[in-house]
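These notes concern the structure reproduced below.
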Amino acid sequence: MSETKVYPVPETIQRDAHLNFEQYQEMYNRSIQDPEGFWSEQADKFLDWFSKWGTTCHWDLAKGDIRFFEGGTLNVAYNCVDRHLETRGDQTAIIWEGDEPDQDEHITYRDLYERVGRLANALKARGVKKGDRVCIYLPMVPEAAVAMLACARIGAVHSIVFGGFSPEALRDRIQDADAEVVITSDEGVRGGRSIPLKANTDKALEGCPNVKTVFVVRRTGGDIAWNDGRDVWFHEACAEASPDCPPEHMDAEDPLFILYTSGSTGKPKGVQHSTAGYLLGTAMTHKYIFDYQDGEVYWCTADVGWVTGHSYIVYGPLANGAKTLMFEGVPTYPDAGRFWQVVDKHEVSIFYTAPTAIRALMGQGDDHVKKTSRKSLRILGTVGEPINPEAWEWYYHTIGEDRCPIVDTWWQTETGSILIAPLPGAMDLKPGSATLPFFGVEPQLVDDKGNVLEGATNGNLVINRAWPSMMRTIYGDHERFFNTYLAAYPGKYFTGDGARRDEDGYYWITGRVDDVINVSGHRMGTAEVESALVLHDKVSEAAVVGYPHDVKGQGIYAYVTLMAGEEPSDELKQELVKLCIQEIGPIAKPDIIQFAPGLPKTRSGKIMRRILRKVASNELDSLGDTSTLADPTVVDTLIEDRANQ
């Protein structure tokens with residue numbers, strides 16, 4: 001194996017960083033040895049409480065029981081907005097950068113307080129109360145953050161659906177959460193194109209008779225259909241409401257939000273997060289992992305429709321009184337220099353994006369980068385998937401000009417906040433490694449039988465204890481929560497990822513070990529794509545796997561078996577691609593479709609996905625034993641016809 005490069009902590013960063021390595025070690029050891037004392041101190045330091053909790057932490061992962069700060073009361077919107085008014089009411093809270101370079105807006109903490117209060121009162125006026133679910137289907141506009149915080153203010157549980165999802169996917173999520181209110185927009189704008197969010201919502205609601213109210217944000221002024229009894233203009237409803245809305249006193253363990261994520265089987269799961277533990281996790285990681293210093297501009301390029309946007313555009317930064325940037329556009333519009341132009345325009349200090357964006361921009365060459373100064377940058381970050389060392393090096397040398405540490409952060413929708421990442425002032429960096437665990441996180445590598453592996457080794461990544469921002473359940477299905485995450489290795493949380501630990505104890509994430517593919521940093525369950533493909537009346541069976549993709553990390557490779565008598569064609573391929581987009585969204589579009597007369601199955605009828613993955617990845621010399629297949633000749637045909645030669 002080639003020698004791993006090590007990049008030491010720059011002296012300029014070390015000088016002012018919140019923590020050095022000794023301080024990290026001391027805090028980490030305490031968080032593992034004395035969780036009660038440690039979490040109690042942090043909860044007091046980072047959050048404001050209405051009343052104190054009884055028990056700091058209680059968990060029994062073998063039973064699926066997780067509780068932190070139970071009995072304590074607080075409010076997330078109060079912590080993200082109200083408590084900053086006295087000291088920084090006139091400071092910018094959110095910088096909004098629109099799709100077009102000449103559109104932007106600065107929203108102060110005082111503005112934010114009023115906007116959140118008005119919407120909170122407008123929701124209450126329409127019958128929304130503590131515990132009710134509100135679905136948010138918005139583009140990257142400030143109203144998305146306002147809607148999240150307004151829900152949190154009154155104790156309603158928000159469920160955000162990414163604006164790129166189809167009407168069918170939106171409908172399923174509204175139905176599963178049993179939401180009675182939807183907040184959407186006339187249209188979204190992205191990369192110079194408009195997205196028909198209101199039309200998608202109308203279509204989705206044909207199957208959701210329970211939805212009583214739809215708030216519509218006016219983003220483009222485009223023509224939309226209107227349902228008089230149900231639809232209300234967001235700006236009109238807010239204008240009629242008072243800006244002052246008393247924050248609901250929430251128990252630490254009350255749900256804050258549900259966010260749907262792809263699983264390896266069946267329909268998406270509604271990951272449910274708590275109030276206090278989640279907010280504490282996002283605030284602490286935002287401060288320490290990004291080494292956030294007061295007054296800096298922090299930019300996470302994610303969409304609020306994903307957990308990264310929840311935790312690191314809205315909740316973490318605002319809990320810390322930060323200036324957070326929200327970007328409506330895409331990295332390549334109007335040209336491939338847009339990210340760096342925005343960095344210069346708003347003097348961004350901390351920049352957090354996905355490896356897939358870095359690889360795409362790297363492919364466009366350095367000219368767009370060189371036209372900008374980027375001198376304000378101090379810390380760079382990556383999220384969503386492991387970053388390959390080549391992309392890491394380009395990010396470090398070309399974007400950061402050798403002066404900005406890169407925090408390669410590993411976490412999941414389910415974990416709520418970052419679990420494994422370097423601290424910029426404390427740890428030497430190895431390109432491609434997620435480095436070391438955050439406070440209170442105890443990673444282990446286990447073999448398939450659950451034996452804990454010591455030292456430098458490869459294995460399945462599990463976490464051996466609960467942490468505050470950990471998901472509490474799958475909405476409406478605690479049994480599925482337990483079976484998915486806690487049953488495989490009793491007493492441990494199973495991440496679904498494989499990892500390697502090196503001789504320095506650094507962790508390297510090697511990718512999913514289940515049937516989930518990571519496309520451009522977003523999870524896509526193979527079962528979801530397969531279900532969409534078999535809806536076509538000419539398709540008898542489909543199997544979907546991931547394969548290495550230069551830009552996206554993983555691409556979607558679909559093997560499709562047709563009904564007897566049906567012929568493969570390019571037209572049929574196009575129809576199948578359209579079907580996936582219609583059922584799920586553009587993110588689920590197969591990159592490669594291979595028509596296969598048969599799939600490799602065991603004698604009991606189970607599809608051998610391992611073989612399909614190897615064929616899709618052209619790893620033909622490591623297919624393993626095919627003798628257990630019902631018909632081993634199927635594999636020869638797959639290899640001969642493979643579309644990825």
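Note that Cβ sites are derived from N, Cα and C of the backbone, with glycine treated the same way.
What Swiss-Prot records for Arg190, Gly191, Gly192, Arg193, Thr308, Ser520 is CoA binding site. Annotation note: Thr308 (CoA binding site) sits in a helical segment as assigned by DSSP.
Marked as ATP binding site by Swiss-Prot: Gly384, Glu385, Pro386, Asp408, Thr409, Trp410, Trp411, Gln412, Thr413, Asp497, Arg512, Arg523. The Cβ neighbour count for Thr413 (ATP binding site), using a 10 Å radius and every protein chain shown, is 19.
Swiss-Prot lists Val534, His536, Val539 with the feature Mg(2+) binding site. Secondary structure at Val539 (Mg(2+) binding site), taken from DSSP and collapsed to helix, strand or coil, is strand. Just so you know, the Cβ of Val539 (Mg(2+) binding site) picks up 22 other Cβ atoms within 10 Å once every protein chain is counted.
Sequence annotations record features per position, and here Swiss-Prot assigns N6-acetyllysine to Lys606.
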Length of the line joining the Cα atoms of Trp411 (ATP binding site) and Arg190 (CoA binding site), in Å:
27
DSSP secondary structure for Thr413 (ATP binding site), reduced to helix/strand/coil, please.
helix
Would you measure the largest Cα separation among Arg190, Gly191, Gly192, Arg193, Thr308, Ser520 for the CoA site and round it to whole Å?
24
Inside 8 A of the center formed by the CB atoms of Val534, His536, Val539, which other residues of the chain have their CB, for the recorded Mg(2+) site?
Leu533, Leu535, Asp537, Lys538, Ser540, Glu541, Ala542, Val560, Leu576, Leu579
Length of the line joining the Cα atoms of His536 (Mg(2+) binding site) and Ser520 (CoA binding site), in Å:
26
Spatial neighbours of Thr308 (CoA binding site) among the binding-site residues Pro386, Thr409, Val534, Val539, defined as Cα within 10 A: which are they?
none
